[in-house]
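Engineer: Please find one structure pasted underneath; my questions will follow.
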Amino acid sequence: MKVTLPALDTCESSFTPLVVLELAQDVKKETKEWLKNRIVSKKEDGGAQLLFRPLLNKYEKETLENENLYLVGASKITLLLGAEAMGLVKECNDNTMRAFTYGTRHNFKDYDDDNDDFLTMAECQFIIKHELENLRARDEKMIPGYPQAKLYPGKSLLRRLLTSGIVIQVFPLHDNEALKKLEDSWYTRFTLKYQPLDCIRGYFGETIALYFGFLEYFTVALIPMAVIGLPYYLFVWEDYDKYVIFASFNLIWSTVILEVWKRGCANMTYRWGTLVMKRQFEEPRPGFHGVLGINPITGREEPLYPSYKRQLRIYLVSLPFVCLCLYFSLYVMMIYFDMEAWALSLHENSGSEWTSVLLYVPSIIYAIVIEIMNRLYRYAAEFLTSWENHRLESAYQNHLILKVLVFNFLNCFASLFYIAFVLRDMKLLRQSLATLLITSQILNQIMESLLPYWLQKKHHVQVRRKVQALKADIDATLYEQVVLEKEMGTYLGTFDDYLELFLQFGYVSLFSCVYPLAAAFAVLNNFTEVNSDALKMCRVLKRPFAEPSANIGVWQLAFETMSVISVVTNCALIGMSPQVNALFPESKLDLILIVVAVEQMKLMAQNLKEESQESSKKEEA
């Protein structure tokens, strides 16, 4: 954890900066002094017992801007005691995984009094964040200098400072040396190899490492589909109805890959110590508001908000709004089909090459409109979910994910279901699926990685020009790093990344039997996605705080739900195929019963497997 430091005035300042705290430009001096005292004071005095100093000393402030940037670090013993308080799990000398305790620190593998690498930098920054968030008001009734910023005993000071606009942001610093090593082993050299997930976890934490692990696993799992789909596509390209074998493979594949992932995920998180880590008590969200009262569970004074008011907001406002958006999505879909009919009639009348190209234009326009609608709806969903005033971050995320998934599923797949089961036009289904999948992948690559990277490079050039114009006697290495990173975009979590994979999983598992190249395009996209996401994490966005995770959370349920829908869809497609219909020329009822029986057996086998896994977990516990 080496960072180049400028010349320092006091020995108190000689610490490795791990976290940056940015205050608003007009913050009063008494507020700064009060905040500094609370951060550096001892625990028994209500402080965080951390190390704290301005980025610039008094001489540099006369030359440079950004005097409201502060560096936060911690001594080794503070970090170790913080690891114990948070229940971090580490590997012992007997190869077992146990919660770390300072008193038995010598029983843990790789611990040494002279070794500063026992805790990863991500863990150290997470501990500092935890200590800052646990700074709580004691006797203060308000933030000094800001009488409108009220406090009450037990209130998190950092959350109040953020919501009051006094603190602009708090973010962890990159370690340039460790980052360069990670980049060299991760994405700078384009080679077909597994990702260094343990190194990613050590630098960014378990949540991000699990996302990249799932992305890698899903890409590898797509390869058999791509290998089978390529010759299948080439040899039966013009015969759109010969998809029974591929649909049958889809039935098995969509279920098996998720079960195998569960095992691999459990192995990884056990090795990282988060599988057996105790869950921390969840604090109220920063945006949660209500009437001050006593929490009956914690005994602390905090805002209380009646549950019935939240339910009224959900069912009387949010639910009707979501239904209205779904209706609008279906209305746009019908406009798309009108455009398809117009393009087809134009081509049939003229028969020229130009009109044959025009046949793909409606699908491309519709794919772009879908992406725009998804992004606009996302903003509306975030506003509504925040307005519902959920107390916990987990509840907020669950309601947001539900809103977004319902709309995205209908918006992206409604046209495909309509073509498959109402129009029963397999040629149009193949064309629409191909256009939607490829267009969405191209747009996501541009919007998520290429455009932000270009903007960030442009900003880097401007900052470096300013730094080069400084006085020669100032070591501006750390200053330049902090100023560059504070202007970077903030990583908002793995939500959008998992959502992209969820939709891709839907395109591949639902209807790829009529377009077998879907898996091949998904594999190609994911190979570039790994590198673009890695570039985004390392060079485009601020380093996020690490968050311990035991699994991919509610997204596992989302993928399993999509798997169930895939089973039903593929069974229905098999039942509609001419080959299967030829086996039952007299009685369609027998065909329907057999398809339903196969579908139920598949779902029953899936449920039995899940129940057996749950029972084995209980036995182990």
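Using the three backbone atoms N, Cα and C, a Cβ is placed for every residue, glycine included.
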Engineer: With the ranges 357-377, 588-608 to choose from, which does TrEMBL describe as transmembrane segment?
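Structural biologist: Of the candidate stretches, TrEMBL labels 357-377 as transmembrane segment.
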Engineer: According to TrEMBL, transmembrane segment applies to one of these ranges: 72-90, 243-261. Which one is it?
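Structural biologist: In TrEMBL, the transmembrane segment feature sits at 243-261.
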Engineer: Under 8 Å, at least three CB pairs between the transmembrane segment (314-337) and the transmembrane segment (357-377) (pairs 6 or more apart)?
Structural biologist: yes
